[in-house]
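Heads up: the structure comes next, in structure tokens.
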Amino acid sequence: MGDRSGTPIGDGAGTGLGDLLRSATQTLAGTGVPSPRADAEALLAHALGMPTAEVRRAALLGRGVGDRERAAYEQLVAQRAARVPLQHLTGEAHFRTLTLRVGPGVFVPRPETEVLVDLALAELAEPATYDRARPVVVDLCTGSGAIALAVAAEHPAAKVHAVELEEDAHAWAQANVTATGLPVDLRLGPAQQAFPDLVGAVDLVLSNPPYIPPGSVPVDPEVRDHDPAAALYGLGEDGLQVPLEVAARAAELLVGGGVLLMEHADVQGDDIVQRLRSTGHWAAVEDHPDLTGRPRVVRAVRARP
Ligand SMILES: C[S@@+](CC[C@H](N)C(=O)[O-])C[C@H]1O[C@@H](n2cnc3c(N)ncnc32)[C@H](O)[C@@H]1O
């Protein structure tokens, strides 16, 4: 690129990339966007159809962009300043090794859910329990398909099934199954009655269900205004209605000794452990901390009949 330094990207006289990024960063910081510089760079990369690293390099080399590209970029920055999620503007979210398609109508997968996938892979690597050639894994409440697709990508021997209630989210998951080409059996419907054909036959149930209590409306506009309500609120007084229903279905689906791994809010750690223990379905129930030490994933082992 050295011989093209100073050359504008696109048509017109060009605005310097460095100035454009500085101004966008200021605009985004001004409306409370948590990572304004990173978002400014990601949006410019998206607008120009270039990798972010190349945008940084082009800015350092003093290159400019043409008027059309600048206008498109400024429109994206204005939307991000209005707190439209970055992933809705770029149309993609990174989750473990995958780049998933996301947008309005589907929950944007979060980095903390990657911990649940780590725990799932550790379970599948445990030969004492998962000695079947093709362990059966189910993802209840799959959203974009993130958990199911990550397991299918990183443990190809697993036979992975996933279910989602909402038609819009299911359509995004279907797009991700198609785009990745990964073998996930995706279904539409309530997790509470999912997979009648797999009752008693599943080795590992994974879930990141909705779990926010009704009174705890998220502060971040990206979450509050753009993640679907069905993805956020777990219903009941404490947000645990859907998670407990999901766990009850998991108990029906799992083989004796099979494992449920389910994400929850940090404040729900003690409660969910107690409530799962009191069902009598589980031989062992414990909680796993996330990377910051907060309890975020419950692990329950199905009692043998
Ligand atoms: C917190 S999001 C998680 C999505 C995805 N598993 C992830 O980690 O990114 C919860 C998802 O559960 C779906 N959902 C809510 N209630 C459900 C139900 N009863 N059965 C199946 N899916 C449900 C929502 O539509 C949403 O897509």
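Keep in mind that glycine also has a Cβ here, set from the backbone N, Cα and C atoms.
The model shown is predicted, which means the values in this text are computed figures rather than measured ones.
ASN208 (S-adenosyl-L-methionine binding site) is surrounded by 28 other CB atoms, counting those within 10 A of its CB over all protein chains shown. Annotated S-adenosyl-L-methionine binding site per TrEMBL: GLU164, ASN208, in sequence order.
In the three-state DSSP reading, TYR211 (substrate binding site) counts as coil. Annotation comment: TrEMBL describes ASN208, PRO209, PRO210, TYR211 as substrate binding site.
The domain 'Release factor glutamine methyltransferase N-terminal' annotation in TrEMBL covers 19-91.
The domain 'Methyltransferase small' annotation in TrEMBL covers 133-211.
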Handout entry: Averaged pLDDT, computed only over the residues in the domain 'Release factor glutamine methyltransferase N-terminal' (19-91)
Key = 95
Practice task
Under 6 Å from ligand 1 by C-beta, which of these binding-site residues make it: GLU164, ASN208, TYR211? Sequence order, please.
Solution key: GLU164, ASN208
Practice task
Report the residues of the chain - excluding ASN208, PRO209, PRO210, TYR211 - with C-beta within 8 Å of the mean position of the site's C-beta atoms, for the recorded substrate site, in sequence order.
Solution key: CYS141, SER207, ALA231, GLY234, VAL242, PRO243, VAL246, MET262, GLU263, HIS264
Handout entry: Residue counts (helix, strand, coil, in that order) that DSSP gives for the domain 'Release factor glutamine methyltransferase N-terminal' (19-91)
Key = 54 helix, 2 strand, 17 coil
Practice task
Report the same-chain neighbours of PRO209 (substrate binding site): residues 6+ apart in sequence with Cβ closer than 8 Å to its Cβ, ordered by sequence.
Solution key: LEU140, CYS141, ALA191, GLY234, VAL242, PRO243, VAL246, MET262, GLU263
Exercise for the section: Might you list, by sequence position, any residue in that chain lying six or more from GLU164 (S-adenosyl-L-methionine binding site) with a Cβ less than 8 Å away from its Cβ? Expected result: CYS141, THR142, GLY143, GLY145, HIS170, ALA173, LEU186, ARG187, LEU188
